[in-house]
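K.L.:
Straight from Swiss-Prot, here's the annotation block:
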- 1-114: topological domain 'Cytoplasmic' (TOPO_DOM)
- 1-21: region 'Disordered' (REGION)
- 115-135: transmembrane segment (TRANSMEM)
- 136-140: topological domain 'Vacuolar' (TOPO_DOM)
- 141-161: transmembrane segment (TRANSMEM)
- 162-182: topological domain 'Cytoplasmic' (TOPO_DOM)
- 183-203: transmembrane segment (TRANSMEM)
- 204-221: topological domain 'Vacuolar' (TOPO_DOM)
- 222-242: transmembrane segment (TRANSMEM)
- 243-257: topological domain 'Cytoplasmic' (TOPO_DOM)
- 258-278: transmembrane segment (TRANSMEM)
- 279-284: topological domain 'Vacuolar' (TOPO_DOM)
- 285-305: transmembrane segment (TRANSMEM)
- 306-402: topological domain 'Cytoplasmic' (TOPO_DOM)
Amino acid sequence: MAATEHRGLSGGDYNVDLLPIDQDDSPPSSWRLSLDTFRLPSSSPLSSGRHNGRTRLSRYLRTPKKERKVSEYYKQQEKLLEGFNEMETINETGFVSGAPTEEELKKLAKSERLAVHISNAANLVLFVAKVYASVESRSMAVIASTLDSLLDLLSGFILWFTANAMRTPNNFRYPIGKRRMQPVGIIVFASVMATLGLQVILESTRLLVSKNGSHMSSTEEKWMIGIMASATVVKFLLMLYCRSFQNEIVRAYAQDHLFDVITNSVGLATAVLAVKFYWWIDPSGAILIALYTISTWARTVLENVHSLIGRSAPPDFLAKLTFLIWNHHEKIKHIDTVRAYTFGSHYFVEVDIVLPEDMRLHEAHNIGETLQEKLEQLSEVERAFVHIDFEFTHRPEHKCKV
């Protein structure tokens, strides 16, 4: 390749123009993008080894806000370079570095199922205990927390059902898999939680208007405090345990346990304060718990809706894909399109590459198929589609139907 020659990348979704390759930095026969040309400047906060505090750039920056933005920019660049290194490893070895073996995946799946079973068993036991505390205390805040535990059981069933459904594929009825069942199940569960939260708000408001507070004896108060405090501790430990996993369903349990820690703490505090000081603290606490539940799961619904409607991947991920594609094979003359979008919890990737017009079919097929296999090895990618063309001056061949 000549010293000033470079291959072009363009497309409606992602455009990149590479700089000419310098003869002094790269051998004439090199067609790959070299990571040696991508390095942080010596004056950057990260390259100087000082990630926090003031750096030598501070003399040029008048405000801490500007310095913070520069530091965040270099951190983002460092993360991008780490992604390029990962793509380079895939191109050199043919597989993802550090990818777990089949035996390790089986052990991980077994431990994830154990985490789900432990969470479901704990939710059932704590729900029964909190029902008793609700009956004895008649506290709206405790009742709101108990309803949240009931929803934990419902969510556990939904998440278990979706996880079990995804483990039993049916290539005839569901040719692209059942991964979409997970966000759909979470959306259904969140909708139920929001509905019950609204009922708690209405009942608590009725108590505030009627000025009818609950009363409990010292024995009932001790039972209520013991049950709610124990439930909070158990949920906190389960949250730490489930957060150690990367599986989306187990992490959804971790999020649910965190919500319970907050709602149990608020419910316990407001119930005790209502007994010691003012009766209206209890229904007010119940309203706070319900509002928190509704707002939290509303955000969860939005996140899962975005994952189902085909939202584009961030530019950094598209840049990683482009780097991987460009260094895949010497015969790739142009990258016409790099597109990645959500369709569930993972990305679908569409790539258009340009190969020589006179290339034999079997050679072009092998280049495209091996590239597809590399893309599908990425943990973020569920499926990849590689389209092969011999020119890139045409208009887009696929249009979205409205």
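Glycine is no exception: its Cβ is also placed from the backbone N, Cα and C atoms.
Keep in mind the model is a prediction, meaning the values are calculated, not measured.
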K.L.:
So what pLDDT does the topological domain 'Vacuolar' (136-140) average out to?
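P.N.:
Averaging the confidence scores along the topological domain 'Vacuolar' (136-140) gives 71.
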K.L.:
In the topological domain 'Cytoplasmic' (306-402), how many residues does DSSP put in helix, strand and coil?
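P.N.:
Helix/strand/coil tally for the topological domain 'Cytoplasmic' (306-402): 32 helix, 27 strand, 38 coil.
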K.L.:
Within the topological domain 'Vacuolar' (279-284), count helix residues (DSSP H, G, I), strand residues (E, B) and coil residues, in that order.
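P.N.:
The composition, in the requested order, is 4 helix, 0 strand, 2 coil.
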K.L.:
Checking distant contacts: for the topological domain 'Cytoplasmic' (162-182), what same-chain residues at least six beyond its ends satisfy Cβ-Cβ under 8 A?
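P.N.:
Contacts with the topological domain 'Cytoplasmic' (162-182): 116, 248-249, 308, 343-346, 382-383.
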K.L.:
Please list the DSSP helix, strand and coil residue counts for the topological domain 'Vacuolar' (136-140).
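P.N.:
Tallied per class, the topological domain 'Vacuolar' (136-140) gives 3 helix, 0 strand, 2 coil.
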